[in-house]
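Undergrad: Per TrEMBL, CTP binding site is recorded for G32, R35, R116, D159, R162, R165, R168. Sequence annotations record features per position, and here TrEMBL assigns ATP binding site to G32, R35, R116, D159, R162, R165, R168. What TrEMBL lists as Mg(2+) binding site is D45, D47. Under the heading domain 'Poly A polymerase head', TrEMBL lists 27-146. What TrEMBL lists as domain 'tRNA nucleotidyltransferase/poly(A) polymerase RNA and SrmB- binding' is 174-232. Under the heading domain 'CCA-adding enzyme C-terminal', TrEMBL lists 253-393.
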Amino acid sequence: MQIKQLPEDFKEALPVLEKIEQAGFEAYFVGGSVRDHILGLPIHDVDIATSAYPEEIKHIFKRTIDTGIQHGTVTVLLNDSSYEITTFRTESGYQDFRRPDKVTFVRSLEDDLKRRDFTINALAVDRNGNVIDKFDGLKDLDNHLIKAVGKAEERFHEDALRMMRAVRFQAQLNFTVEEQTAQAIADNAPLLSKIAIERVREEFVKLLLSHSWQTGFAEFLKLHLSDYCPGFKDQRMELAELLESSKDKYFVDEEEAWSAIGYALTLNQGEFNHFLRDWKVSNKTREMSVNTLNMVHLFEVGDYDLWNIYKLGLDNFSRALSLCKMLQVFFDYDALTQKVEQISIKSSHDLKITGKDICQILNVKPGPIIGKSMSQIERAVVEGNVYNNFEELSHYLLSNQ
């Protein structure tokens, strides 16, 4: 196969390939950018692989950065752009089921491609657009298959995170995991517990935010990967119910996805906090997710009090509303949205009065009364009992002592 018209990202990088070839070495576009272009998807990163060793690349180009030189990667700076160039390599000795103990630089493209995870990612393109396909990756792209390169079990023992990547690609591409590859995942699922939870979470979140997340999530459950993730063991039935309630729907962001999972697992606030800590979610994401789920629970019991909603963060309201629609928590969405949109402040910082102002208006010294008065004013503004301007707030303050 030949790509008649190279994408712009590849064209811009052609001078890099040409300089490497002029020096007597091979160079190719490889990996996800090749796969995505063939599928007609946007390209995110251009990866280049070469037969030149890192020191040889540094000799060819004047401006380079040792990005990951021990693994053969050098960043080349050319024409206001940067390109990661990685030497063909083989790997061996994966004692931690993630990183190779030994990396050996080689001159053979085929040796480099055979260490890759899936056939659809083991494609290379030369500067003329010719596709090098040693493992029937093009056929698997046509058949919408995610298939391991060579023996699937070996690929997953080399890097157990590849099992999560398989179901993530399934969600992103709406492909199917090939039968033998799927069986190898099911057989080796316990290895996932060897992987740092941060890496697992990264793949899991990408899965959840994919347009076809339900297919990848269903496979994640079916192949028992869920059993080796925090808080999911023996919860497949509850998680499967989430799939049932969310058909043809997708998440607006990571926080909504986590909130939906918390809802499916019927976690209270403390349990949900603990669950998210186990996944090592960022503090900001954890706080937003917890408040979003709390807001959904408010609406579930018919509590539409503006002050309660406000305390949980107005920035979480649209997310909570979206989740209610997904989970079929029904109420008058439009009417509540109109009321919430009329709240003129997002936090106490937006109030047109300060603690110093209150001291002067009430002729008091700083103390507990200031905080109490600020809270009183804040709630009155949120509930629409007073306008947020200095004169109105001053009058309200004097009238409610």
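Cβ atoms are placed via backbone N, Cα and C, with glycine included.
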Undergrad: Could you tell me which three-state DSSP class R165 (CTP binding site) falls into?
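TA: Going by the DSSP assignment, R165 (CTP binding site) falls within a helical segment, counted as helix.
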Undergrad: To the nearest whole angstrom, state the Cα distance for the pair R168 (CTP binding site) and D45 (Mg(2+) binding site).
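TA: R168 (CTP binding site) and D45 (Mg(2+) binding site) have their Cα atoms 18 Å apart.
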Undergrad: Quick check for you: of the binding-site residues G32, R35, R116, D159, R162, R165, which have their Cα within 10 Å of the Cα of D45 (Mg(2+) binding site)?
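TA: The binding-site residues passing the 10 Å Cα test are G32.
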Undergrad: Reported in the order helix, strand, coil, what are the DSSP residue counts of the domain 'tRNA nucleotidyltransferase/poly(A) polymerase RNA and SrmB- binding' (174-232)?
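TA: Reading the DSSP string over the domain 'tRNA nucleotidyltransferase/poly(A) polymerase RNA and SrmB- binding' (174-232) gives 42 helix, 2 strand, 15 coil.
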Undergrad: On the Cα atoms of G32, R35, R116, D159, R162, R165, R168, which are listed as binding ATP, what is the maximum pairwise distance in Å?
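TA: Result: 21 Å between the two most distant Cα atoms.
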Undergrad: Can you give me the Cα-Cα distance between G32 (CTP binding site) and D47 (Mg(2+) binding site) in Å, rounded to a whole number?
TA: 8
Undergrad: Calculate the per-residue pLDDT averaged over the domain 'Poly A polymerase head' (27-146) and state the result as an integer.
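TA: Summing pLDDT over the domain 'Poly A polymerase head' (27-146) and dividing by its length gives 91.
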Undergrad: Around the C-beta of D159 (CTP binding site), how many further C-beta atoms are within 10 angstroms, looking at every protein chain?
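TA: Summing over all protein chains shown, D159 (CTP binding site) has 21 other Cβ atoms within 10 Å.
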Undergrad: Just going by other Cβ atoms within 10 Å, which of the binding-site residues D45, D47 has the emptiest spot?
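TA: Relative to the other binding-site residues in D45, D47, D45 has the fewest Cβ atoms within 10 Å.
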Undergrad: Go through R35, R162, R165, the listed binding-site residues, and name the one with the sparsest Cβ surroundings, counting other Cβ atoms within 10 Å.
TA: R165
Undergrad: Show which residues of the chain containing R116 (CTP binding site), separated from it by at least 6 in sequence, have their CB under 8 Å from its CB.
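TA: Result: G31, A122, V149.
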Undergrad: Looking at the binding-site residues G32, R168, which one has the fewest other Cβ atoms within 10 Å of its own Cβ?
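TA: The binding-site residues G32, R168 were compared, and G32 has the fewest Cβ atoms within 10 Å.
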